[in-house]
Amino acid sequence: MGGGGIARPAAAAALLLVVAAASATVRAAQLRRNYYAGVCPEVESIVRGAVARKYRETFITVGATVHLFFHDCFVEGCDASVIVASTPNSTAEKDHPVNLSLAGDGFDTVLRARAAVDAVPRCRGRVSCADILAMAARDAIALAGGPSYAVELGRLDGLRSAASSVDGRLAPPSSDLDQLTALFAANGLSQTDMIALSAGHTVGFAHCGAFAGRIRGPSAPDPALNRSLAARLRAWCPDGVDPRVAVTMDVVTPRAFDNQYFRNLRDGMGLLASDQVLYTDPRSRPTVDAWAQSSEAFGRAFVTAITKMGRIGVKMGAQGNIRRNCAVLD
């Protein structure tokens, strides 16, 4: 009797996992390369040009756009809902406290790329903001010297954006390996995918508050943190620092999308606790060591992981649309 009571929920959970996997497979099948060949064949070159122009203005474009893509996909799926602006009656995803760290340059990159696409008459209103974000992230990575890859297209834009949807969907900077692994697993991504995608921190910035506990306070300095880096961080982020002040996450090659991230972890130079844990935890350390030694191996793993990430929660049919304005729900 007791055994039967335990088995039933387990069976139901297993069934839900199978259904979720089948749904994800169907959604992924909607995505394909050259999706816009019949309506806007030049879309990739248009987006690439817009991203390149933004990049020439500021290298912050790279980290800002890549992080925007990550934060979008992990909340409600890759549907550009993170770009939607709040209204007097609704607080959107972008205004959740966790997303206030997203740099405005990422949003601006997508909006500029969308304007460039819509400037071509036959393309106007035919390309989703979600796909433009996916392309822009890929192009930003390439501009910073990262791996090039073919991006899958065919996403629709989400019909809702609520700050309440963000809760529990994004990893706090204090996350340990089990928490990170579980969060990524909930999105169909493996621990290997998680480690590869964490290297997105090789570009971009983090606000001082994200690592304050590692450099000052009752448990500081964090013994896993490189002493020299800790001293620099205390100088860059003094007591009472403006919360808007940010520090490059890779202090060695901040403008390059490369495997220096993993070398930094070996030297105790992961900026966030959730970065450094990938090396301090013996379960993930071998992967960090392997990718610190081989940029090619890291590049292949990253392309696999970001392609899988781009399939999360893809909207189909009545689940989405193509927004006229990426920042406004239609």
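Keep in mind that glycine also has a Cβ here, set from the backbone N, Cα and C atoms.
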Task: Disulfide-bonded cysteine for CYS326 as listed in TrEMBL, from CYS123, CYS129, CYS208 - done: CYS129
Open item on the list: Just confirming the record: what cysteine out of CYS123, CYS208, CYS237 does TrEMBL connect to CYS40 via a disulfide?
Closed with: CYS123
Task: Candidates CYS73, CYS208 - disulfide partner of CYS78 as recorded in TrEMBL - done: CYS73
- [ ] Anything within 10 Å of GLY77 (Ca(2+) 1 binding site)? Look among the recorded positions HIS71, CYS129, CYS208, ASP250, THR253, ASP258, comparing CA atoms, and list what you find.
- [x] HIS71
Task: Distance from CYS123 (disulfide bond) back to SER81 (Ca(2+) 1 binding site), taken between C-alpha atoms, in Å - done: 21
- [ ] With CYS40 (disulfide bond) as the reference Cα, tell me which of the recorded positions CYS78, HIS201, CYS208, ASP258 is the closest one.
- [x] CYS78
- [ ] Give me the non-local Cβ neighbours of CYS237 (disulfide bond): same chain, 6+ apart in sequence, Cβ-Cβ under 8 Å, ordered along the sequence.
- [x] CYS208, PHE211, ALA212, ILE215, VAL245, VAL247
Open item on the list: Radius 10 Å, atoms counted are CB only; among the binding-site residues ASP79, GLU93, ASP258, which position scores highest?
Closed with: ASP79
TODO: Based on Cβ atoms within 10 Å, give me the single least packed residue among the disulfide-bonded residues CYS40, CYS78, CYS326.
DONE: CYS40
Task: ASP79 (Ca(2+) 1 binding site) and CYS129 (disulfide bond), distance between Cα atoms, whole Å - done: 8
